[in-house]
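Engineer: According to TrEMBL, the protein carries these features:
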- A:T161, A:K187, A:T198, A:E284, A:N406, A:T411: substrate binding site (BINDING)
- A:T198: active site, nucleophile (ACT_SITE)
Protein chains: 2
Amino acid sequence: MAQVAYQAFQVIPEGSIVSPQGFAAGGLHCGLKKTERNDLGVITCEVLADAAAVYTTNVFQAAPLQVTRESMQNGKLQAIVVNSGNANAVTGQQGEKDAYAMRLATAKELGIAVENVAVASTGVIGELLNMEKVHAGIKGLPARVGSGKQEASDFSQAILTTDLVKKEICVRTFIDGKEVMIAGAAKGSGMIHPNMATMLAFVTCDAQVDQAALQGLLGKSTDATFNMITVDGDTSTNDMLIAMASGLAGNETLHPGHKDWENFAATFNYVCEVLAKAIARDGEGATKLVEVNIAGAVSDDSARAIAKTVIGSSLVKSAMFGADANWGRIIAAVGRAGEPVQPDQVDVKLGSILVLSGSRPVAFDEEEALRYLQGDSVQIHVDLHGGSGVATAWGCDLTYDYVRINAAYRT
Amino acid sequence: MAQVAYQAFQVIPEGSIVSPQGFAAGGLHCGLKKTERNDLGVITCEVLADAAAVYTTNVFQAAPLQVTRESMQNGKLQAIVVNSGNANAVTGQQGEKDAYAMRLATAKELGIAVENVAVASTGVIGELLNMEKVHAGIKGLPARVGSGKQEASDFSQAILTTDLVKKEICVRTFIDGKEVMIAGAAKGSGMIHPNMATMLAFVTCDAQVDQAALQGLLGKSTDATFNMITVDGDTSTNDMLIAMASGLAGNETLHPGHKDWENFAATFNYVCEVLAKAIARDGEGATKLVEVNIAGAVSDDSARAIAKTVIGSSLVKSAMFGADANWGRIIAAVGRAGEPVQPDQVDVKLGSILVLSGSRPVAFDEEEALRYLQGDSVQIHVDLHGGSGVATAWGCDLTYDYVRINAAYRT
């Protein structure tokens, strides 16, 4: 699936966020969602874990982000409490009070120091949380927390909003000869765009990792994965990605000088990439995953800007929905990215089908292209022949269902 | 309709691009479009007109833009030939040859110097023009050119692609006591985004205007009108806006020092604004015109960036389609614009309905909001209370029809 330089790791299909040593999770329905789906969840760690986090760049940061930032000041976490159905965003001082109350209640019920609890919320903006329901839910959480597949699934369900499927991954590698597990769970699926989205993602890991190194790795992986996906160009108020490392695997502390660092980083990055692609594929209304690969840009940054522009183009996304090999729209998006491009030397491929060579249309088999574009994963390759910059971005098609879902989200 | 400081002008409902003295136009079906709609048109002027033009910022500029730039080197034009159905973009050297051939044939048929003819194209990208049809069409043009309402209508039809309606405006004012007419015709309706779009617009005027002043005015008006509309965030390869001034009204040459300059500029700007809003309202699949007004930004530029972000948000656009008073999405878009915003002091109104005050939700009548948002014109007002910067942007809702139109454009 993912292309990484060093792939000495193995996907554990039956694994989950509780597979890394020390972690447990749980979830339940407390009533914030109108349906019976879970809407409150928690991840806990039996020891104080080294933790790293990244947050939305949106000016309007939701109240739980402020609380989590405060908890993250010492780089340690022991629990993350998450609700869906209500973002607790643009809710003023009452919203802040509510986020702090969620943290306090979770700490109390789980017997954890309050400053080691992170809070995350996702859902509708601008409505106050029903704290009666939240408190009742948090009271019920300890009985639901465990280290089994079911409890992990309960948690993964609890963080979803308009998502159709859970997004989970568990990978195993070896560090200092010790087995290390890295796992993650995430939610999309609207307001997904570079620089974080209505996106919550949680990565658990049992390696011992230097906290600063973990934060650096998280930032770098986020730039290459979560910040390279878009569903609709909107960046949410609530995006947050938290990684926790329990250190129970028994390895020597990982940092960039450790002999197995590259392996660990590649494995960690793979977990992020799988979650990011899963979010893109499950974008609101999406019928397929679209991957855009840019090569030959003047720099990687330039390639990223172009890849994001193409993956974010409503016209390209609509064409992908219609399985239309409309490379003109791809080219038009490349050309408006504001990056250096030689307009006369661009190649475009849809999968392996060359449609533009040296900026000249190539006769191709329309039937073959149609069949390819009707698949559930589509790759667009653009080579600018202008340098060595490369980037990959992921997104989805723009469909009737996207409009249906978003024309009446609140009702 | 439009709010301008100085409004000493009058809309002429029966007017058109041939109302200003000296202008004629025409259009016909030459076969580039599969339907029987017109696809080739021309505007001519009986004298050599002072002209100004602005072009797309897309790196992949279509062949006709190169030809028009060349013709514009002396700041004079006497004719503009336009085809729809094929953009002649990303068509390589053959595309350039074809655009030059269109110019030459038009000049020859109309008896005009070749360097005074501009060429514009709109339609599908990446396919060569059928020059046999184009040449046959151009041969037929002189017989179809005239100064009547019908000929103007034939032209306005000829420049449309997925547009549903013609976009025309004619306004009268007085300069030096002489009657002056300014008129325009434009087409949208996909790939519409700030910094020009799949947008062609032509403004005719019979005032005598200094060419440099006309170019300056065109640039300024474009920034405030055409560059403030978006349909889908995509900037086309073919956008072009051309203004021609015949000078036959008999006024003293207009320039910024002329006593009636402000009046002329306001009138000219009004013509651009009407055309820009008409393009937004007729965006692909649109059911309504959406206007975003930003006040209280740190600068006008900042306000423009925020207005464009809000009007371009797929989530805001979907909510407008669903008549959903989802101000959370408006706020989320404001917050991701990358501009300075105090997150705790923002007001949002939908029409006259206050929904957010000082960044706190206001209880409002949902039924009243629904009725307002179901209208065919919706205004979103955001006051940031952070400065004196203001801006207005126009767009449309995101609908099932947008997806339908763009999922199968080529087929």
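Yeah, the Cβs are placed from backbone N, Cα and C, and that goes for glycine too.
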Engineer: Under 8 Å, Cβ to Cβ, against chain B: pull out the ones among the binding-site residues A:T161, A:K187, A:E284, A:N406 that qualify, in sequence order.
Structural biologist: A:N406
Engineer: How many other Cβ atoms are found within 10 Å of the Cβ atom of A:N406 (substrate binding site), counting all protein chains shown?
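Structural biologist: Its Cβ shell of radius 10 Å holds 27 other Cβ atoms.
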Engineer: So for A:T161 (substrate binding site), how many other CB atoms are inside 10 Å of its CB?
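Structural biologist: Taking every protein chain into account, the count is 23.
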Engineer: Within 10 Å of the Cβ of A:K187 (substrate binding site), how many other Cβ atoms are there?
Structural biologist: 28
Engineer: I'd like the Cβ neighbour count for A:E284 (substrate binding site), meaning other Cβ atoms within 10 Å of its Cβ, all protein chains included.
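Structural biologist: By my count, 29.
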Engineer: Indicate whether A:K187 (substrate binding site) is helix, strand or coil by DSSP.
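Structural biologist: DSSP call for A:K187 (substrate binding site): strand.
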